[in-house]
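Q: For 5-146, the entry in TrEMBL reads domain 'Nucleoside diphosphate kinase-like'. Positions annotated as ATP binding site by TrEMBL: Lys13, Phe62, Arg90, Thr96, Arg110, Asn120. Marked as active site, pros-phosphohistidine intermediate by TrEMBL: His123.
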Amino acid sequence: MASKLHLTVAILKPSTVSRPAVVQEIVNLVNSNDLRVITQKQIVLTKEEACRFYKEHEGRFFYNRLVTYMCSGPIMVMALAGEDVIQKWRKIMGPTKVYRAQYESPTSIRGLYGISDTRNAAHGSDSVQSAEHEIQFFFPEFDYKQWYRENISGYKDDTPLLNTFSHLFIFQTIKIYNNLLILETGKLSIS
């Protein structure tokens with residue numbers, strides 16, 4: 001049976017990263033939804049990087065506020081893998097607008113931890129193409145094709161990214177111990 005194992009970018013925004021217990025709760029949500037962290041890092045974006053990342057929103061009323069906020073402190077960027085990971089992560093996050101998230105999806109990340117539409121706790125890629133672009137933006141050393149070759153049965157360089165995956169892939173999980181992020185690597189078997 002063909003599966004839809006994909007990669008996506010998950011970003012925990014500054015107001016979220018400033019609360020380690022919330023980060024741990026979100027990591028627990030990721031793991032409990034059969035998603036795995038492939039790679040991750042905590043960074044502080046420069047204004048130029050934030051402008052480049054959010055270029056598609058340039059000229060919109062919230063652009064300057066969003067760019068300023070995303071530079072205001074550390075963010076955690078994760079590349080997640082899993083079946084239908086883009087849709088799953090977006091459901092875990094909840095609606096973009098916090099008021100709507102609190103009403104329609106009160107146990108979602110944005111429903112629980114969002115402060116405003118800009119400070120809405122998390123970001124997620126909205127398509128396979130944006131996921132690939134965003135992973136390359138934050139993890140330029142990450143080789144998509146190599147990862148797929150190692151994790152998808154029958155993958156070749158010209159194979160579309162949506163394919164049948166093998167039953168084993170490498171993952172990393174994040175744990176917090178005494179306010180330190182700990183990255184653990186392992187293998188996941190999918191039946």
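Glycine is treated like the rest: Cβ placed from N, Cα and C.
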Q: Express the distance between the Cα positions of Thr96 (ATP binding site) and the residue listed as 'active site, pros-phosphohistidine intermediate' as a whole number of Å.
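A: Cα to Cα, Thr96 (ATP binding site) and the residue listed as 'active site, pros-phosphohistidine intermediate' are separated by 9 Å.
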Q: Compare all C-alpha positions of Lys13, Phe62, Arg90, Thr96, Arg110, Asn120, the record's ATP binders, and send over the largest distance in angstrom.
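A: Largest Cα to Cα distance for the ATP-binding set is 21 Å.
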Q: Work through the binding-site residues one by one (Thr96, Asn120) and point out the residue whose CB has the fewest other CB atoms within 10 angstroms.
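A: Among the binding-site residues Thr96, Asn120, the sparsest Cβ neighbourhood within 10 Å belongs to Thr96.
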Q: Out of Lys13, Arg90, which of the binding-site residues is least crowded by other Cβ atoms within 10 Å?
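A: Least crowded of the binding-site residues Lys13, Arg90, by Cβ count within 10 Å, is Arg90.
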Q: Looking only at Arg110, His123, the recorded positions on record, which one has the least crowded Cβ, with the fewest other Cβ atoms within 10 Å?
A: His123
Q: Return one of helix, strand or coil for Arg110 (ATP binding site), based on DSSP.
A: helix
Q: Can you tell me the three-state DSSP label for His123 (active site, pros-phosphohistidine intermediate)?
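A: Going by the DSSP assignment, His123 (active site, pros-phosphohistidine intermediate) falls within a strand, counted as strand.
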Q: Going by DSSP assignments with H, G and I as helix and E and B as strand, what are the residue counts for the domain 'Nucleoside diphosphate kinase-like' (5-146)?
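A: So the counts come to 70 helix, 28 strand, 44 coil.
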Q: What is the interatomic distance between the Cα atoms of Lys13 (ATP binding site) and His123 (active site, pros-phosphohistidine intermediate), given in whole Å?
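A: Computed Cα spacing between Lys13 (ATP binding site) and His123 (active site, pros-phosphohistidine intermediate) is 7 Å.
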Q: Roughly how many Å lie between the Cα atoms of Arg110 (ATP binding site) and the residue listed as 'active site, pros-phosphohistidine intermediate', rounded to a whole value?
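A: Counting only the Cα atoms, the answer is 10 Å.
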Q: So for Phe62 (ATP binding site), how many other CB atoms are inside 10 Å of its CB?
A: 12
Q: Please report the Cα separation of Arg90 (ATP binding site) and the residue listed as 'active site, pros-phosphohistidine intermediate' in Å, rounded to an integer.
A: 8
